[in-house]
Each structure stands twice: as C-alpha cells, then as structure tokens.
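Novice: Just dropping this structure here.
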Amino acid sequence: MKIYIEENYEKVSKRAALIMASQVVLKPDSVLGLATGSTPIGMYEELIAMYKRGEIDFSNVTTFNLDEYYKLPIENENSYYSFMMNTLFNHINVKKENIHLPNGMTESVEEECKNYEEKIKKAGGIDMQLLGIGGNAHIGFNEPADKLSVDTNIVDLTQKTIKDNSRFFDNEEDVPKKAISMGIGSIMKAKKIILLASGEGKAEAIRDMTNGYINTQVPASILQAHPDFTLIIDKDAAKLIK
Ligand SMILES: N[C@@H]1[C@@H](O)[C@H](O)[C@@H](COP(=O)(O)O)O[C@@H]1O
C-alpha cells in the first residue's frame, strides 16, 4: 500500500487526476473502474480540463462504474448514470457504447449481476479502479457485514449510508434502500486501485482500513492486501492514522 497525504482536497484531486491520466496516456485503451460520490468530482474536473487542453484522449477507453441504485430510473438526477453523464462523460470523448453501469432497473437482478461480471471479463478486466470510501468504510456499496460478496450483487444499504446519501435527495425516504454493486472480488481483481478520501468525516474509516488487519466490518481494509493499491487522502482524513 502506498499512501499520499496531501495538504487539501484540491491536491488530492490533482494527484489522482495525474495518476488516472498517466494510465490513459500509457494505455489508451485502458479499462477504468469509476466511482460516484462527491469525493471524485474534483478529480473528474481536472481530467476534463486536461482533455480540453488536448492532453488526454478517452476515445479508446472503456469504463465500468462500481454501482447503481436499484429501481431508480436513470433519468432521475440522483441515479449514478445521471451523475456520471453530468459530471464526466458529457464533457469528454469517451464513446457511449464503452460506458457501463449496472442496470438498476433490471427485471432480473441475478442475470444483470452475472452479465456485469462477464462484461468486465470480456473487456479484459479493469486496469485501474478508482474508489471513494463511505463513512463506515464501505467501498462501492459493499457495506460492513459478517460476509462480503465476491461478485457483483444486490445489496441492502445501511441506515448510515442512506442518511449520508440523503443530502442529494429531497427527503431521506426518497433514497433507494438497495443498490447493485460490484463485489469485493470484482474490485480486488483490478490491476491497480486508487482510493481517494478527504475530510475529517473519513478519518475513522481511514484509520480502520490501514491498521494492518482485514475485517469484514471495515470493507475497505481488504485493500491492504492488494498488490498495487494507492491511497490519496488529505491531512484531515489522515489525522487518526497511527
Ligand atoms: N456508493 C458510493 C461510494 O462509491 C462512495 O465512495 C461513497 C462516499 O461518497 P462521498 O465521496 O460523497 O463521501 O458514497 C456512495 O455510497
């Protein structure tokens, strides 16, 4: 595990964008695993700026997002599809057919999860996976539990996650209670993983995921066992690291 502790959120975003951009420059047909949440927004803005300056070309890139809410139409502004289109995809030259998110509106969850895994495999696996982290150390939507799913699966969101994510919705009741998420195995199969975190609200999760132990109640802790894992955090998120 490599850890970069940056002065602030802006520096976290800049370093992450440079790492992601290098991946695409060195391998223009990279398969990128992407994440939602507020944390990666700064990194996406940096990547858009690089694209506009002609420094980076996404035309051969394929993307797979970590997760999508269950039964939230993609037209809803809070769907992760809408988030990704508005925050990144509409501003760069990635091809629409190369963009993948789990279909939360599927009639057959089991089939959708299986297909998603197949599609990742067919694309050659994920070269670089970007992650944020939940306040309870979830990654994707793999919530703390006694058992964690290896493959893409449907998950029940914890009350904490529903509360955390309610800031984007009009009411807490509008937050979907379930999501389809890549599993821990799907994430760990990525050749490289980077995780971004910023702010004091993530300090406990960062402490617990870097303490040398793997604990399913701290889903992100498994990343310590990945051979090419980079943590990019700001001082506030790092303040409880021992
Ligand atoms: N499913 C997403 C995660 O992928 C993300 O890491 C987390 C943290 O979000 P934020 O970056 O807004 O704190 O939120 C959601 O629950």
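Heads up, residue numbers simply count up from 1 along the chain you see.
Note: Cβ is positioned from N, Cα and C throughout, glycine not excepted.
As listed in TrEMBL for this protein:
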ACT_SITE  Asp67  active site, proton acceptor
ACT_SITE  Asn136  active site, for ring-opening step
ACT_SITE  His138  active site, proton acceptor
ACT_SITE  Glu143  active site, for ring-opening step
DOMAIN    19-225  domain 'Glucosamine/galactosamine-6-phosphate isomerase'
Novice: If I take the alpha carbons of His138 (active site, proton acceptor) and Asp67 (active site, proton acceptor), what is the distance between them in whole Å?
Specialist: 12
Novice: DSSP secondary structure for Asn136 (active site, for ring-opening step), reduced to helix/strand/coil, please.
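Specialist: Going by the DSSP assignment, Asn136 (active site, for ring-opening step) belongs to neither helix nor strand, so it counts as coil.
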Novice: Which of the active-site residues Asp67, Asn136, Glu143 have a Cβ less than 6 Å from any atom of ligand 1?
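Specialist: The qualifying active-site residues are Asp67.
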Novice: Expressed to the nearest Å, what is the distance separating Asn136 (active site, for ring-opening step) and Glu143 (active site, for ring-opening step) at their Cα atoms?
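Specialist: One finds 8 Å between the Cα atoms of these residues.
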Novice: Mean pLDDT for the domain 'Glucosamine/galactosamine-6-phosphate isomerase' (19-225), rounded to an integer?
Specialist: 97
Novice: Cα of Glu143 (active site, for ring-opening step) to Cα of Asp67 (active site, proton acceptor): how many Å, rounded?
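Specialist: Glu143 (active site, for ring-opening step) to Asp67 (active site, proton acceptor), Cα-Cα distance: 12 Å.
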Novice: So what sits near Asp67 (active site, proton acceptor) in its own chain, CB-to-CB under 8 Å and at least six residues off in sequence?
Specialist: Thr36, Tyr80, Leu101, Pro102, Gly140, Phe141, Ala179, Ile180, Ser181, Met182
Novice: Is it possible to get the count of other C-beta atoms within 10 angstroms of the C-beta of Asn136 (active site, for ring-opening step)?
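Specialist: Taking every protein chain into account, the count is 19.
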Novice: Taking DSSP three-state, what's Glu143 (active site, for ring-opening step) in: helix, strand or coil?
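Specialist: The three-state answer is coil.
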Novice: Please report the DSSP secondary structure of Asp67 (active site, proton acceptor), reduced to three states.
Specialist: strand
